[in-house]
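Trainee: Dumping the structure here so I can ask a few things about it.
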Amino acid sequence: MAEAAIAIQNYMDLNDEDCQARALKAKESLGSKLVILGHHYQREEVIRFADYSGDSLKLSRQAAASDAKYIIFCGVHFMAEVADILSRPEQVVVLPDLAAGCSMADMADLAKVERAWKELGRIIDTQKVIPVTYINSAANLKAFCGRHGGIVCTSSNAQAVLSWAFERGEKVLFFPDQHLGRNTAYKMGISLEEMAVWNFLRPRGGLTPEKICDARIILWQGYCSVHQMFQPEHIDRFLERYPDAKIISHPENSFEVCQKSHYVGSTEYIIKTITESPPNTRWLVGTELNLVNRLHERFKHEGKSIHFMSPTVCMCSTMFRTDPQHLAWSLENLAQDNVVNQIKVPEKDAELARLTLDRMLEIS
Ligand code: 13P
Ligand code: SF4
């Protein structure tokens, strides 16, 4: 029989080393009943516990393929929701700290998206609009896409997903990240003039009816607070100093940063590209600090110099919420069959969200 759940307060004064030792012991005792998934932005003391690390797409696939009774997701809330939606009903998904959200995902909510859809419907035929949500969004927005013939994308399949959408509709409503939408659509040959930015704080998105009618893609005005720190001037200054350096950026960066980058892609793509590059190459990387620091450490023995794009230290503070204390707490509770911080998407949203995620996985 399960003992009473242990409270998180018992862990907050413990040091990282003690928590890691306890987490390891609990993990070992759970054996194949447990799988730990870790996003590349997790800190070193946490990612070392991951059975699988990856970008959003790879981790979604791992969650769908796992047989484990318990899935601990070291990442952020929307990722744990996706794991719950794609896993079997009897599997349990745990997010070690419930405060690990995503500020970009929070920039779109169902009420605002439904209002936008209604307002668009007064000007254009929304039957011909395909809603596309970035995976960085709440499950009920994925369900919204499911209800309206739409789909989900990640940073690594956005182009394939947008092609799918344009085969089925005349226009796309893309949320919540304007940058991923703009960078991807531009790469597909859609001009900046054919894009409209929907300001979700203003009536009719702050757009004229003409602009809405002319747009091929309507971009929600959301952004990532981490990636907005990277500026084109950082690239210019770096290249002045190191003209042979290569620039690689995540597509959540601004259009200007992506245009100045030699390579643009997901976290998994960034790791793969740097891994496969010749020794002694120099890189400026426009993505989250924990990943860049890890790449720096991993490749310094090959003479690769890996630099962070921003002169100021900026990391994803919500990814950083998962610490050895919360990990030890959730693991020791699971080892006693106490489930803490379970992420469970209501079935009414899960069913439609699953439809859009399955569509995405099929074409990725
Ligand atoms: P990836 O899917 O590329 O890992 O990106 C997730 C994310 O939140 C980047 O900010
Ligand atoms: Fe969200 Fe940005 Fe953090 Fe990614 S880096 S989880 S988009 S806040």
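Each residue, glycine too, has its Cβ placed from N, Cα and C.
Here's the feature list from TrEMBL:
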- His39, Ser56, Tyr134, Ile135, Asn136, Ser155, His250, Pro251, Glu252, Thr267: iminosuccinate binding site (BINDING)
- Cys102, Cys224, Cys316: [4Fe-4S] cluster binding site (BINDING)
Trainee: What number of additional C-beta atoms lies within 10 angstroms of the C-beta atom of Asn136 (iminosuccinate binding site)?
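Mentor: So the number of other Cβ atoms within 10 Å of Asn136 (iminosuccinate binding site) is 29.
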Trainee: Using C-alpha atoms, which one of the binding-site residues Cys102, Cys224, Cys316 comes nearest to Asn136 (iminosuccinate binding site)?
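Mentor: Result for Asn136 (iminosuccinate binding site): the nearest of the binding-site residues is Cys102.
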Trainee: Given Glu252 (iminosuccinate binding site) and Cys102 ([4Fe-4S] cluster binding site), what distance in Å do their CA atoms have, once rounded to a whole number?
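Mentor: Each residue's Cα considered, Glu252 (iminosuccinate binding site) and Cys102 ([4Fe-4S] cluster binding site) end up 13 Å apart.
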Trainee: Using C-alpha atoms, which one of the binding-site residues His39, Tyr134, His250 comes nearest to Cys316 ([4Fe-4S] cluster binding site)?
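Mentor: Closest by Cα distance to Cys316 ([4Fe-4S] cluster binding site) among the binding-site residues His39, Tyr134, His250: His39.
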Trainee: From the Cα of His250 (iminosuccinate binding site) across to the Cα of Cys224 ([4Fe-4S] cluster binding site), what is the distance in angstrom?
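Mentor: So the Cα of His250 (iminosuccinate binding site) lies 11 Å away from that of Cys224 ([4Fe-4S] cluster binding site).
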Trainee: List, in sequence order, the residues of the same chain other than Cys102, Cys224, Cys316 whose Cβ lies within 8 Å of the centroid of the Cβ atoms of the recorded [4Fe-4S] cluster site.
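Mentor: Going along the sequence, the neighbours come out as Val76, Ser103, Met104, Ala105, Asn136, Ser225, Val226, His227, Glu252, Glu288, Thr318, Met319.
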Trainee: Within the set His39, Tyr134, Cys224, His250, which binding-site residues show a CB-to-ligand 2 distance under 6 A?
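Mentor: Once distances to ligand 2 are taken from each Cβ, Cys224 fall under 6 Å.
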Trainee: May I ask which residues of the same chain, at least 6 positions away in sequence, place their Cβ under 8 angstroms from the Cβ of His39 (iminosuccinate binding site)?
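Mentor: Non-local contacts for His39 (iminosuccinate binding site): Ser53, Gly54, Asp55, Ser56, Leu59, Cys74, Gly75, Val76, Met79, Thr267, Met319.
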Trainee: Rounded to a whole number, what is the top Cα to Cα distance in Å among the residues the record ties to iminosuccinate, namely His39, Ser56, Tyr134, Ile135, Asn136, Ser155, His250, Pro251, Glu252, Thr267?
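Mentor: That value is 17 Å for the farthest Cα pair.
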Trainee: Validating a neighbour-count step here. Other CB atoms within 10 A of the CB of Cys224 ([4Fe-4S] cluster binding site): how many?
Mentor: 24
